[in-house]
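Asks: First, the structure itself, so that you have it in front of you.
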Amino acid sequence: MPNASSWSASSPLLLLWEDSSGTRIFLSLLYAVLAISGTLSNVMVIYLVFSFKKLQTTSNAFIVNGCAADLSVCALWMPQEAVLGLLPPNSSSLRSAEYRLLRGGLLGLGLTVSLASHLLVAFNRYVLITKLPSVYQALYQRRHTGCMIGLSWALALLPVPLLPGLWTLGSAQSDGSSRYTALLLALAVLGQTALLLHCYLGIVRRVRGSAKRVSVLNFPLLHQLPFPAAPPPPRRAQRRLSSVSVLLLCCVFLLGTQPLVWVSLLGFFLRPAPPALQAASWLLLCSLSALNPLLYTWRSEEFRRAARSVLP
């Protein structure tokens, strides 16, 4: 019988050979729920932006780019993992190197472009809020915006051949190349996270000094109350709510990305993390693909109004 390391290296769910069928079924159902909800939410956001002119902004173009990338994970990769988790451990589908390369490519392409889109949205909002309008208009012309989106996909295609090595990042039998691939992934996500936090914390500082300009962020303002006769809220409350919205976005992003970063660093410098911890860190990162559409649109009045007009 193969040991735990060989099963960890060949399983799409990073399960141990000794794990019960109930555990594999539970993870398969979880992947199925994420796949359905993520596909519907990403498709809805893309449809709304293309259907309503008010939503066709530069920031929303980057959000749509991220939704398209998340569909690669939610609509193409997750359903396969849900099905493969129900197959016997000795299934030939799990052992096929070509099929693992395809799954790894879909996952790598989707996650890389999705993470890049997070950074593009953050930088776009940072420039919009903290710089002069002339600087924003010069930087975000339509041609420049298209080049940024195209570059995110071009860069994502470069590391795709390395992704299958990440399946073995926690295996005791994994070779040096997979360990360095995991290190490269961790450093890339850490760098991207540092830039994203710099942008959003800069926005928070500016919002605290000028609550009047926060509406361009599509973050909620307290004057949007359900009863029309309500008095306008104090400006300090507006700044506080807007800052909380930014910090909430950052916290959700950190919760989804950082566990895999530190699991990868632990496996490179010390010893491999337990397979269950590896699986949980991957699942958190992949779940961002289903949460991203809600993360950027759930408190936007424009998106809510557009959604109400198309949903019964």
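Placement of Cβ uses the backbone N, Cα and C atoms for every residue, glycine included.
Sharing the feature lines straight out of TrEMBL:
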type     : residues : note
TRANSMEM : 25-50    : transmembrane segment
DOMAIN   : 41-296   : domain 'G-protein coupled receptors family 1 profile'
TRANSMEM : 62-80    : transmembrane segment
TRANSMEM : 100-123  : transmembrane segment
TRANSMEM : 144-162  : transmembrane segment
TRANSMEM : 182-203  : transmembrane segment
TRANSMEM : 244-270  : transmembrane segment
TRANSMEM : 276-298  : transmembrane segment
Asks: Any chance the transmembrane segment (25-50) and the transmembrane segment (276-298) are in contact, meaning at least three CB pairs closer than 8 A with a sequence separation of 6+?
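Replies: The transmembrane segment (276-298) and the transmembrane segment (25-50): touching, yes.
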Asks: On the 0 to 100 pLDDT scale, where does the domain 'G-protein coupled receptors family 1 profile' (41-296) sit on average?
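Replies: Computed over the domain 'G-protein coupled receptors family 1 profile' (41-296), the mean pLDDT is 77 on the 0 to 100 scale.
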Asks: Check the transmembrane segment (62-80) against each of 100-123, 182-203, 244-270 and return whichever range has the most CB pairs under 8 Å.
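Replies: By Cβ pairs under 8 Å, 100-123 leads among 100-123, 182-203, 244-270.
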Asks: Sequence-remote contacts (6 or more beyond its ends) of the transmembrane segment (244-270), Cβ cut-off under 8 Å?
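Replies: Same-chain contacts beyond the ends: 115, 118, 169-170, 179-180, 182-183, 185-186, 189-190, 193, 196-197, 200-201, 203-204, 207, 217, 219-220, 277-278, 280-282, 284-285, 287-288, 291, 295-296, 299.
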